[in-house]
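Take a look at the structure set out below.
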């Protein structure tokens, strides 16, 4: 792992990748999948599934029997862990639920903000070789708590046409209403526009591969999407007293996700930095996903030496990391210095993996610096607001002239007229 | 204005336009403007301004003197109206401001949601012939209340190089920090990536023409954007007792915005419907913006006859209108039936124009059916959340095995390892 100074890191941050690029061949490819699904519905979805997932399905929907089989297939321990996670995730997210409110500035005016769940959501869960029951919980439970009427889930089938049983059991536990065996851009198109079997939803959430991400970018506007996740990252802030074994394990837990994942440690201590380098080497050699983690560490892993914690926090705010671990003394005291981070983990015993599975807050977090303007996935993503305005005749009369003046300053005389016709009656 | 049945309208709703289309020439055009601004900075911005706005500027930033001149140029009445609007908008939006919160599920766990303003915002205000001081207030005031550190505003200059004085005065009143004379895709690129004069921001809000909207779609991800506004719409729900003069004026106030605006009335009363048709004709003839409004009414204006109010509300929820006026008896009692609408106006004396300028809630609302999943612009758009997680050693010990089981079910053994290295110490 490369050790550099804070000033060098600032330079590196300026080189971040960007979105405003047309990847013509790729975009055409994705758009043609979307278009064909819109025109041909289920038939196109089944064709693409045969082509991309290597399996010829008769039915896109997972049956009740398949769910029952999955329930038999998973261990008691898994059930225990899943339910424990469900309970903690539910209890945190319930605290997020917003209520409608009303104001009475005076007796002739009512203003309000009405909060309503969205009607339906489609959750994308990656599949194939990997299985992510935690993704199911983290997307479906907030939607359920919000009160979303229809929760559909899509996930690509394995080559034998089945879905991983851990994923099916998680969907059942989280209250998913329908599960479809479909992945890729074809799944996003089906959710956005509907097919004979798959009902159109109003919002699509959940992570996916490059095709899924690009398809989400294109259907955005016709349906809502959560966010387009980039490579994920962790930033550990450490001092002389930080345990290098823990810090190394946490950095590597991020690195094993993806060759493009970034594991970064900002520290005031050169002694710690050299211990960490050694510890990363040692643990890396023992990892199952050693190849991926090694590439990530070599390319994007950084130990950044700074003089003070204030300098560390300044770098953190520029980086706006997805996961931030403050593995320093009295971490709570430094919370006010952190402006930009997806999730902030305090102390030595709050590793990222705790947040990924069990702590309660959502593990879907803004990546690649987007924590500067985005929030973790939450109940608020499955609800929306409507303003409510009531003015009595006298309340309107009081502001009528002001509205007319403003409307006329914008040359919107029709707007002014809608006040004048009422004024005529006063 | 065309009168149709509810069932016909449902069919029409299925024909709505969609986003997942590559408009190759247009996209290339927009992307090339973005790219040139990124490469050449101010010089490119000045060149595009000469080309598109027909004015050669020396300086992009509006000076203090220009603002002082604008203050002299506007009327006392305008100042009064502007300040009255500012006060009402501020007081509503202050009620939206969210606070950070913390939970203690037990004595060894702290979980929280920390709410922080975004660092900076860029507000786009359309210019040229038109001037929209209300747009300035509706974008800048929520950002100010959120606590955004730097509020920049961009607006295209007039041919003489000046900015409309009403817009400048509104910006000053609303607390905008910097005002730049630039519009179009070049303004969006400058805000997204920065130039010598214009600092990069983390979020861009505000309405604009097709170039602005498309540029926002492309920079989305590198910066946050508010929403891509489509043509706007109003839906009036009316019965036998609704005043057709008011209803017609309100429908036309929407129609005058844009040829593509949709003014729709859903009513249980055939008598009212025929009165409304006549009244629309009569008022249309008197409008300054008659040509635009006529096109809008002819193409997208609809009176929809339904049998019951329940049927009306069902249509409203499918339409998910930007503005909904319930001009019926006891409108508050029907609020629970409305799931999808940007803003809900209750009664005869709460016309859309009241909400556009003065009532308090934001006039930036989700258009074209996106109220099914989006909210009005609000203070929440200028703040973001970070999760906070603290587990003590014993709290982690209690869930350690469950985390390991879940991580291993996802084959993320590095995640499991970050728990195991700690377990070794227990």
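From the backbone N, Cα and C atoms, a Cβ is placed for every residue, glycine too.
Per TrEMBL, these features apply:
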| type | residues | note |
| --- | --- | --- |
| ACT_SITE | A:322 | active site, proton acceptor |
| ACT_SITE | A:323 | active site, proton acceptor |
| BINDING | A:124, A:186, A:209 | NAD(+) binding site |
| BINDING | A:232, A:254, A:257, A:323, A:356, A:410, A:415 | substrate binding site |
| BINDING | A:254, A:257, A:356, A:415 | Zn(2+) binding site |
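Geometry remark: residue A:323 (active site, proton acceptor) versus residue A:232 (substrate binding site), CA distance 8 Å. Here residue A:257 (substrate binding site) is positioned 13 angstrom away from residue A:209 (NAD(+) binding site), judged by their C-alpha atoms. For the binding-site residues A:186, A:232, A:254, the largest tally of other C-beta atoms within 10 A is found at A:254. In sequence order, the recorded positions near chain B, meaning those of A:124, A:323, A:356, A:410, A:415 whose CB lies under 8 Å from a CB of that chain, are A:356, A:410, A:415. Less than 8 angstroms from the CB of residue A:415 (substrate binding site) sit A:403, A:407, each of them six or more residues away in the same chain.
Counting other Cβ atoms within 10 Å of each Cβ, the recorded positions A:322, A:356, A:410 show the lowest value at A:410.
Every protein chain considered, the tally of other Cβ atoms within 10 Å of the Cβ of residue A:257 (substrate binding site) stands at 21. Excluding the listed site residues A:124, A:186, A:209, the same chain places A:126, A:154, A:156, A:182, A:183, A:184, A:185, A:187, A:188, A:208, A:211, A:212, A:215 with Cβ atoms within 8 Å of the centre of the NAD(+) site Cβ atoms. Using a 10 angstroms CA-CA radius around residue A:322 (active site, proton acceptor), the binding-site residues that qualify from A:186, A:232, A:410 are A:232. Between residue A:254 (substrate binding site) and residue A:124 (NAD(+) binding site), the C-alpha separation comes to 21 Å. Cα to Cα, residue A:232 (substrate binding site) and residue A:124 (NAD(+) binding site) are separated by 18 Å. Counting in whole angstrom, residue A:257 (substrate binding site) lies 25 from residue A:186 (NAD(+) binding site) by their C-alpha atoms.
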